[in-house]
């Protein structure tokens, strides 16, 4: 599956044209541009690069390159970049698909010049070599770099420079990554090379080259504009010439002393400005006094940087814990005390609260599938474990404003590490996300409420770019890591208020939360003891993310733009996953877990995480023990940079060997950087400098850091913040006479906070892990609408956890207190649709995003906290954690633009039965469905802060509120009682857009019609329909009406019948008997989907978007049918002492192994966890297995094409290759490849197999980029055809849904003869089909564009099957997001896909 190389034109339009670039044009009209470096322009070595005069050969290279040797974990050369002796180049065409190329050309002609008549692309691989490659190894490198069926499209000379067109002017533009840091792409590419024995490769970066032909010579500014269009200025640059060196000529800066003893505070003020330390008045006073009067010496620049990061607002939350003075009156409680008061009043089931990296509540005793010998090759079996439910939430706002894609990547990655670094380590399960940005100003969109006069800051990305790139970054990171994203929210806002203030999210919100699990025995971190080892595990150090903690604590625009860039981190999801696998192996050891304590590296880098892990005992740390990927880094940079994918852990000395063994298996670096010494200090030494001094007969240099922990990390003096409340001017909502309901809906349904979120959900994996019981999409058409997200704890139990989000920031512009209460109310009215253990078990994360230190905002935040506390205590629920981001403002057009203050409530709770979840899609027809309205506002209909007000350029003056808190409690308990007895068929909360939007959305999702008949009770039409007062709409059966009403009355809850459901797809809205709307469901749904589809066109192929948009008008419930009845595996199989062994094989970046193991386990197999590392090391051989499975995921992060690196690691390691060849030939074995494994089997030639003529690379079928050019995740329909496949026996003739999630799933047949032979032999057993069950190539039914709907290929003997969809993620019915009510199945039971795995078991029995 590939997302990083999803070759959509829009992905090359994410640069910025707001900043002029210094570009140089040579006399030959080739534009390479300037390589901008961290400090000064890079001086490139201009010696001529070595030319390799070789051409791509169609023959396969020989396999005998690597003999399977393996290095130790502490060496891991792929992680440590060595200087390259030379840089060689290979070029490959094309860079992007033909359709994407045409789209890019069209955009260029529109934005740059219509004189441009053609555009051609290629990619350049810039390869750093430690020494020359021999011919045999060179052929291997070429195989890795080339497309297997197009070897002629790879060469050592540029293809673009050969092209000429008579009478046209040509210019070449090349863009690529900045050289100041190694990209994650290069890290994975080098890792692939190492796995194939190409140890000479030290770095491999990819650049993109564009050839423009124009009728007239392009002007300099036009070339600059094009360059800006096709690269990200924050992470990339334009190359002025062919790279001949990766050296940056950066000289590491020596440790400096800051003359505080001589110059006092002035010295700190100067370094504060120079380094962007974000010291405020109180900081400057405290640290001047600390060093002059207490420590009595000059601090080093490393110490000051250290203090700035670990004691920044971002890290220490001074504001939340500080003293507040409002309107001249000291407040008796801090914000932290106010929020914690809810937890102190209602702890109940809390096991971790207001400490650690996450919070947790008491879970259940469950049977978890886990390895018997974690950290080594072994079988998996179920064991009873006491698992608690865990939750964490945080934001990554500042980085996303500066560089949205990497900022969001690392936001997601940092939160993932917060999850797994809780207690002594914990399990990552699923994520939620949220985005708040300014006005999109999307070209061609209908958004008359957006103010076209607003100016946007040049140092920040535009709101539109942030929404697209940040969501791409977070999605791609989660997809590669293997964490499903199952819930979220989106909001845009930009308006000048009646007070004259402009409020807008120029500094955006990128919200990321995670729900996971933790073994109850691991909830408490161990305390450091003398002799314990301080260990860092994860990726190497790079010069990135310098000062992120301090920079994120400032209003955007206060800091230097280059410092802002330096503060943005870079993510490597594949490295993050390897890190998590090491942590998971440790925690699955149970009571033998070697991890005593764990903290993830985030804001402040080592500055923060190391001091956290050694506090209060202290340790001496050797900076040179840290694994670095850039040897030019200074002590300051190694200590302070926020390079990601790192944890600090404490282990006992005797655990060192087992930890090294686990790290070696997962190919992760491990470094012991110090030992707990009990001195209470953090002392940072430089052993290299000390050795040099010793050699020269000099005393060792003083430590770069030597600080008493208590004085910089312990109880430091509180800060005091003073505010006055501000009464902002308000104006009543004024809707012009003559505005109709349809006029209003045309606007409201297009507002991003209301409209479809399809553009966010189809690009993110929502099924990986197999533990997702409820994600965003619902109903027969899989519309993005779910209110609550639900996870399962295991594959064998029905217990789980649910989470839901509430946030109402626009209401806060009118009344911060009401906003807080509404956020709580929305979270609960979303959460209520999952059956939970009890309302009193609900806990929540509270995330505060305010410009808190600006006038009026601190007091508003304080008032909101008081209201939040009071409401939660009355409800019996509590906040148990959260984060704050308190510099939510940016400079623009001469003013400070504050973001609307936002409080995001993420409620989470335990579920006794995950199958009892109600979705919003209407299900009842034939006059049986009745709609009930449960009104929490008891008749009030206030429009202030509503979507209606926003789309008419106003906010109004009368704010909705939760006036009766106890009534919300009654409603929650009452609806829970209805769900327990299966009396509710559909339900949805009332939120953005009001009652009418809630009802419409339910109809959209169910593909039904509705008749709404409402009474105005003396208020206006718009108040009746669009007020966003809290409430619920329930669909119930007419036969259950009396029972429902009676049960609600038992909870003192009243409900009103407001309409009925119809099978006819027509929506009719009456108020006081007058019809105000009568329109087709599809027509209104098209309005609701319009904004999402426009955003989709900026992310995937426009023709695919149009096809889906038009097709949606005619969609109907899929016509699925089964040719068999699913059943659980026979107990005789499950109880056998000896079961057939199946090797579940994974490579670096694979992420589908556990759900695959669970599926085979459920079919009576003994699944084994086997890595390629195990096979290379000889720890296991394949001769003991009857089945092998190649799992899904992103092996090597899909670098160099999907599964290419995995295939290379097998093909070019002789001992491993021979094992696979022998296994393939054995007549009593079978193999299965899913997704990435499917792509691998094609590359290995296992399907359709040599007998069909597909063994040569040039004719072997491959799975290539989806036609849409993007990763796609959908629950799609497939039909099962007759075939020899042993795993699909007895399933022929069935049509059903299955999860599919990939970026490269389009079957491609270079040789038509192979395709014909394959079809004639019935070797394409699985086909994508439409709603009628017909095989199709139409998008999105066929999500990748495979010819003839081909979704799977098998071998002629049926033993080997490769398929792109994921049956292992839906082998249980609760994993299905929807299925026909006509199916005779139990939601708690097996799904039809289990039969696939049972068939394999039956076949083995018959052999």
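Each position is counted from 1, following the chain as shown.
For all residues, glycine too, the Cβ spot is worked out from N, Cα and C.
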(Q) Just to be sure I read the record right: 787, 826, 830 are listed as binding Mg(2+) in Swiss-Prot. Which of 630, 973, 989, 992 is listed for the same site? (A) 989
Q: For the domain 'Glutamine amidotransferase type-1' (1141-1381), provide the mean pLDDT of the predicted model.
A: 96
Q. In terms of DSSP three-state secondary structure, what is the assignment for residue 787 (Mg(2+) binding site)?
A. coil
Q: Determine, to the nearest whole angstrom, how far the Cα atom of residue 830 (Mg(2+) binding site) is from the Cα atom of residue 410 (ATP binding site).
A: 28
(Q) For the C-alpha pair, I'd like the distance in angstrom between residue 1366 (active site) and residue 1235 (active site, nucleophile), rounded off. (A) 7
Q.
Distance check, please: Cα of residue 1368 (active site) against Cα of residue 989 (Mg(2+) binding site), rounded to an integer number of angstrom.
A. 33
Q: Could you check which of the recorded positions (826, 989, 1235) sits closest to residue 786 (ATP binding site), going Cα to Cα?
A: 989
Q) Setting 787, 826, 830, 989 aside, what same-chain residues sit with their Cβ within 8 Å of the center of the Cβ atoms that define the Mg(2+) site, listed in sequence order? A) 788, 804, 805, 806, 827, 828, 829, 831, 832, 833, 988, 991
**Q.** Integer Å distance between the CA atoms belonging to residue 1235 (active site, nucleophile) and residue 413 (ATP binding site)
**A.** 23
Q: Would you identify the secondary structure of residue 989 (Mg(2+) binding site) according to DSSP, in three states?
A: strand
Q. In terms of DSSP three-state secondary structure, what is the assignment for residue 1366 (active site)?
A. strand
